[in-house]
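Some features that Swiss-Prot has for this protein:
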REGION    1-45  region 'Disordered'
SITE      Arg113  site 'Transition state stabilizer'
ACT_SITE  His117  active site, proton acceptor
BINDING   His285  heme b binding site
Amino acid sequence: MPPNTPDASDARPPQADTETHSHSESENPVIESPKPKAHAPLTNQDWWPDQVDVSRLHKQPIEGNPLGAGFNYAEEFQKLDVEALRADMLELMTSSQDWWPRDYGTYAGLFIRMSWHAAGTYRIFDGRGGAGQGAQRFAPINSWPDNVSLDKARRLLWPIKQKYGNKISWADLIIFAGNVALESAGFKTFGFAFGRQDIWEPEEILWGQEDTWLGTDKRYGGTNDSTNRELANPYGATTMGLIYVNPEGPEGKPDPLAAAHDIRETFGRMAMNDEETAALIVGGHTLGKTHGPGPGDLVGPEPEAAPIEQQGLGWKCAFGSGKGSDTITSGLEVVWTTTPTKWSNSYLEILYGYEWELTKSPGDAWQFEAKDAEAIIPDPFGGPPRKPTMLVTDISMRVDPIYGPITRRWLEHPEELNEAFAKAWYKLLHRDMGPISRYLGPWIPEPQLWQDPVPDVDHPLVDEQDIAALKEKLLDSGLSVQQLVKTAWSAAASFRGTDKRGGANGGRLRLQPQRNWEVNEPSELDKALPVLERIAQDFNASASDGKKISLADLIVLGGSAAIEKAARDGGYEVKVHFVAGRTDASQENTDVDSFAVLEPRADGFRNFVRPGDKAPLEQLLVDKAYFLNLTAPEMTVLVGGLRALNTNHGGSKHGVFTANPGALSNDFFVNLLDMSTEWKPSETAENVYEGRDRRTGQTRWTATANDLVFGSNSVLRAVAEVYAQEDNKAKMIEDFVAAWVKVMNNDRFDLD
């Protein structure tokens, strides 16, 4: 091997004559992409595309779950012999199947890619994607061009799933396979947790506005400058149908420095910093190979477009045998190391041990080959050895001014790479699972900062007598019903059901960055939080038997007490269910940058939107309800109740359709549906509507789209009518309380 060279700046190739195929794609740069076809008959959404789609609040209905409403995965998992499962996985790793032969005598590389591509869809801006629900089994992810051949990987797992049945979910099995694959190669992983529950139909996620695979124009606003462009939110990939980036470079232009720009942005949107990103690429490419021995036009349609007789398998290949050495997965033909089945530092030794020149794979895809190199790379099926090769994105790890110093350090200190990759891999596989309280199994390591850790309960909890006394103190504290309700909502409404982050547990409303979020009205928190802290301190100092109440619990209890009072003021007696057990996190255990992405752009429940945001308010309201795991009726009754309670952001009166603000009632619905009121856009205020008496023209109310959507949208109006009925006044109160408790407890996974 030639001696290490200090620089690889010549790895940036000339840009002339390097245009790739217009249909080029990662893990499939030469396979023609499918063309979406108009369907018939048209749906309501096709006819009225601007109408808010409430149906997204009712995805994954229990009726579609063959295991039924009573199935408890955590309980079923306890019956699993995890060591036996691991042993069977290790045996499978080296048990070649004639219908899909293993490379180098192992499926490790294939399983690592499967797990990575399942987890790698996660994105931080909205918490969508990830491996937590086994979504790789369904469209569109199962047919993305980046996932060619992963249908075979999942099919290889079927005998394992069939054997262990309900004790292991597909979501867990897909991820566990990659972890075991690394261990089979001699790598010591950081840990592993089970606990992912399967979904039973595709998720409705906006992966991009482009209508063809590999499109990039919509997410970048049409710019062609690959070194100075900004990916639109919330997308996590540069290209439609890819997990991260095109390995040939942006839009198939083989420029390692431009590729590094894309890598940094996309991995950052998966919550990975530069060192974690470099570790994942270096470690992930230490094992296995890519597949591109022939032209991509010999590869058939993806699973969702494949004929019925292929039984869910796609990409049938007509090149040679179509499998083994004739497998076409990416069009790229790269083996990174001399030890593709064993963990080693060979990747970095080869990356820095040669100069690299641009070439084309047998599948006509851009890649790099080592200059003046001997054929030292083993063939996966016993053929002649090969020269070292790398992807465009591999060269990025050397020439980029940030990644370069990191990987050079690891070249000299491989033990640092081992630790960095172990932790980054663990984070990749578990980032979307939420708090560690959701984790199952015997291999769970100590909590990490990115898991938003909260302390364990280390004291006796308050009982019913304590709760009653604390409610009295809260109502006598000088804080209004509105202050108590708004503080509790601010704490709990940070929750995201997508990646199970946020919520009231941890009491992080008092910490940065949440304390200064505009939506939380920091000046109001400065009034409310010190009062609540004093009540908690006084109780904890005087309570017997070591009982304590956390500020997180007291904030929620304050909301409960306020709602009970508001219901009494409206003529109804209710009890708001409360279960203590939350604890208070510290600022040092709160990653400010990580929490920043949880800050809402809008919260229609508080009639708040960031100034200048042009998105339709009613769409943002439904999105917020989706994050809070709410149904359409729950969203409806919460908005109506919160308006009656007069808890809008900044004290706004928009939507407060009642003569008795602060009392819990169904007045919002009664007055919204009153046909003696005529609504028109305000001539003086943006995004505001005025409700005028049809006879006199006098202004009765003001509202935003967050309010009027419940009279405009036919689905939501149907629900609003129920709550406006004379015989459903009490039902409205009861349903509001139930929905409120659901929001307060969204992050109480210990109660499940």
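Note that Cβ sites are derived from N, Cα and C of the backbone, with glycine treated the same way.
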_Chain-internal residues, separated by at least six, CB under 8 A from His117 (active site, proton acceptor)_ = Gln136, Asp146, Asn147, Leu150, Ile243
*Euclidean distance between Cα atoms of His285 (heme b binding site) and Arg113 (site 'Transition state stabilizer'), Å*: 10
*Hey, what's the Cβ neighbour count for Arg113 (site 'Transition state stabilizer') at 10 Å?*
25
*Give the helix, strand or coil assignment DSSP yields for Arg113 (site 'Transition state stabilizer').*
helix
*Quick one: give me the count of other CB atoms within 10 A of the CB of His285 (heme b binding site).*
24
